[in-house]
Structure formats: C-alpha cells, structure tokens
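Here's the structure we're looking at; comments come further down.
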Amino acid sequence: MKKKSNHLKGRKVLVSLLVSLQVFAFASISSAAPTEPNDIDMGIAGLNYNRNEVLAIQGDQISSFVPKEGIQSNGKFIVVERDKKSLTTSPVDISIVDSITNRTYPGAIQLANKDFADNQPSLVMAARKPLDISIDLPGLKNENTISVQNPNYGTVSSAIDQLVSTWGEKYSSTHTLPARLQYAESMVYSQNQISSALNVNAKVLNGTLGIDFNAVANGEKKVMVAAYKQIFYTVSAGLPNNPSDLFDDSVTFAELARKGVSNEAPPLMVSNVAYGRTIYVKLETTSKSNDVQTAFKLLLNNPSIQASGQYKDIYENSSFTAVVLGGDAQTHNQVVTKDFNVIQSVIKDNAQFSSKNPAYPISYTSVFLKDNSIAAVHNNTEYIETKTTEYSKGKIKLDHSGAYVAQFEVYWDEFSYDADGQEIVTRKSWDGNWRDRSAHFSTEIPLPPNAKNIRIFARECTGLAWEWWRTVVDEYNVPLASDINVSIWGTTLYPKSSITH
C-alpha cells in the first residue's frame, strides 16, 4: 500500500511538471510572436486619397474676355490684343517665404491640403521620437548627421546651426562649396500665372517687387521677372521605414486624426530644405514693342547690350528692380535702377557662403508618410496673354512733275473695335480724288494712326484715242508709314513712277 501511494505521488509530480512545461512553452511562444502593427501605421496605410488630386490647384478660369481693344493716346493708336492661355505645372521644390519658415523645417509634419498648395502649410503637432538630420556640406563625412531629440522648429534649427558651425570651424578653409544655381524667367500676365511659372507666391512678388498687375492686363506695361536661386547646402531628414517611427509611442492615430489627418488631408513630412539665397529681378517697360521679351532675355544674358543695339529704345523706356532674400540681404535689400549693370552687380555680390553671408531657407520638398512619395503641387491656371501694338500717324506726299495731266485716287480703311472686341472698318477717301492735276503738283495727305489697307492709284492722259488714260501707279495695301512718297514724272508715252516709305 505504501508503494502504491509513492507511485501515485510520483505520477502527480510528473503530471505537474508536464503542465508547467506546457505553460512555459506557451508563454515562450506567445512572447516570441510578432507584435500587433502600430495603429498609426495601419491608420495612415488605410487613408484613401489620390496624391495627384489632393494637392491639385484649379487657378483662374476665364470664361469671357475682350480679345481686342483700340486706344487713342497722344496721337497714337494702341491695339491691345488678348489671348487666353493655360499653364500646368507640378513643382516638387516649393519656395519658402518668411511667414512659413517655422512650418517648413526638416522633419516637420504637415497636412497635404489647400493650405499646403497655397504655400501656407498646416503642421501636425504631436510628441516625436528622435530624428536624424544630415547636411551635404563638403568635408564633414561622418560628422554630417546629428540626432535631434524632440524635433521641432527650435531644436532642428539649433542642430542645423551646430552642423554649419562644425563645417565653418573645421572644413571651410579646405573645402569650397560647389556652385548650384537655379534660374527661371517668365513674362508676367496674371498673379496665378507668374506664381505657377516661377513656383512662388505672387503676393511675395507683389510685395517685394511691386508688380502692377492691372497695368499689365491693360497693356500699359510689360513686365518680366527672373528668379535666381543659389543653393549653398541642403539639409535632409531621415525618411522613416514606417510612419510610427516619427512619433512617440504615446501618440495614436486617433490623436493624429483629431489634429487634421484624414483622406482629404493626408500627412506629409518635410524631407529636405535647401538653404542659400534668392534674387528676384523685375524688368519693366512702357514700350509697346513686340520684341520686349526677346530684348529682356538678351539683357539678362548680356547687360552690356543696354547701351546699344536694336533694342535700345526698349531699354531706355525700362526700369529694373532687384530684391535679395538671404545672404547679406541688407547690402541689397531692394535696388531700383535704370542701369542693368547695377542689377548684375547685385546678382554677383555675396555669392560665397560664409558666416557674414549666411544661408537662408529658400525651398523645401515634402513626402507623403504613407509611402514616402514626393508631394507635388499640381497647378492648372488660365490667364490672358496681352500683346500691345502701337501705331503712329503718317502721311502720303504726292508729287507730279510729268509732261501730262494726271489724276490720283487715294483711299484707306480706318479700324477700331467695339465693346466685344470685334473690328469695325470704315472706308475713307481723299477729297482730291479724280481731279485733273497738271505739273507741277504736290500735296500731303495726313493719315491717322489707325489707317490700313492704303490704296494709291495714278493715271495720266496720253492724248491717244485708243488709250486715253494710262495707269502710272496701281498699288494696294501700302503699309502705313511716317512718310509715303509717291512721285510721277516723264512724258505721256513714257511715264515714270516711284513709291518709297
């Protein structure tokens, strides 16, 4: 009996041991199993949006406009022609202005919504994990990266200053910065058009350069803007493997949703920021020449042509303005001049990065947290391209010195435009048409600046029964000129003529 009791006790101990082993094994398997996916990763992955549509901007839509207009001014006739154009751009390099510097630092979390598209991004403020930022200054090698605790505008800016200081103290004397210059130019037609063409907020251009958009639309002025961006260095934020890598463990997707994250406003991160200086140059003229754009482009490439050449008249009626953002901007905060060589000096001055000529955040790029794809703003705008043509008055000088009786016929069309821009043509005739003129006869016929389709005809009386009148001049569509000289001479059988203008 005692042996049996001991045997039962042994079996109980064995069973207990097996149960303990199973519990331990189950616990070990449970602890080794993969953890549940972070709800931030799941929430952002589940956002449903089209990245090409969420940042699409529908700019000006023009349904009606007056295609042509005629203006009488100071003895001249000015024709303003308007043509509807469309412009589509998808910039990924977004310009930075002072008002948004604290919303566009490397690693900043933004919302992809209309505010972002309008260059006034909204931030998502939440507790963050440390963030690695790096700089591409030459020579730093392993010293080019720093980990930022609690990344925000202040801490990231401080870290960037530290990286720049390290380069300045250790490597600036042995390493030079490569020249990285971005250049763009465009004629100005409307606020949305120039904003899209140069990828900059039109309000900034208007506030710094003073563009008179109304004068441009009315054809009173022609304006070109050139943008020079000189990049000294770029600071990049480390891209996360998962969105949750950016946020503290205490942050949930529900918190991000409360702070604006949604299908209509998915989250972004500023992946890199370019630092340097930006120079905006405004070229403005009151010239009505159709060669203004060509003249301005040539001047931008070669300022020495201002004093001579075929476009001298355009330059004499032009003024130039330059505004510098970044670097030692106080040296050339705003320069207004009629000498483009002064503008060229502004562009060349302070082109080297140094402690006295610091860099300024000039542009940034953001990525969608869902897949790290680049956030591009898709602009689509319509605008009116305005072309002005100025016509001056002219005159026809008739001179008859031939040995015969002559008759002249002169007429022309005068054109204008109605309120809808439709051309109105009125036929005008010289009151001396078909009168007999003997030598020597000379007269001047004034022509208004809106004259066209000029017709000049002259005939002489031969005295021959079978050919009483012989044509001497028979010209249609003579172009309007300040002086149109018509001369006839010779004899009845051998009349001569010439027209010069």
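Each Cβ is built from the backbone N, Cα and C atoms, and glycine gets one as well.
As the structure is a computational prediction, the values presented were derived from the model and not from experiment.
For the motif 'Conserved undecapeptide' (460-470), the DSSP-based tally of helix, strand and coil residues reads 0 helix, 9 strand, 2 coil. According to Swiss-Prot, the feature motif 'Conserved undecapeptide' maps to 460-470, an assignment based on a curator's inference.
The signal peptide feature in Swiss-Prot is assigned to 1-32; the stated evidence is experimental evidence.
The transmembrane segment annotation in Swiss-Prot covers 191-204 (among others) and rests on similarity to another entry.
If you look up Swiss-Prot, you'll see 211-220 (among others) marked as transmembrane segment.
The list of residues near the transmembrane segment (289-298) in space but at least 6 beyond its ends in sequence, with Cβ under 8 angstroms from a Cβ of it, reads 185, 187, 222, 224, 283, 305, 309-311, 313-315, 387, 389-390. Here Swiss-Prot flags 289-298 (among others) as transmembrane segment, drawing on similarity to another entry.
Swiss-Prot lists 306-318 (among others) with the feature transmembrane segment. Taking Cβ pairs closer than 8 Å, the transmembrane segment (306-318) reaches residues 283-287, 289, 291-292, 294-295, 298-299, 338-341 in its own chain, all 6 or more past its ends.
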Using Cβ atoms and a strict cutoff of less than 8 Å, what residues sit near the transmembrane segment (211-220) while being 6 or more residues removed from its termini?
69, 71, 78, 80, 188-191, 194, 205, 282, 286, 288, 384, 386-388
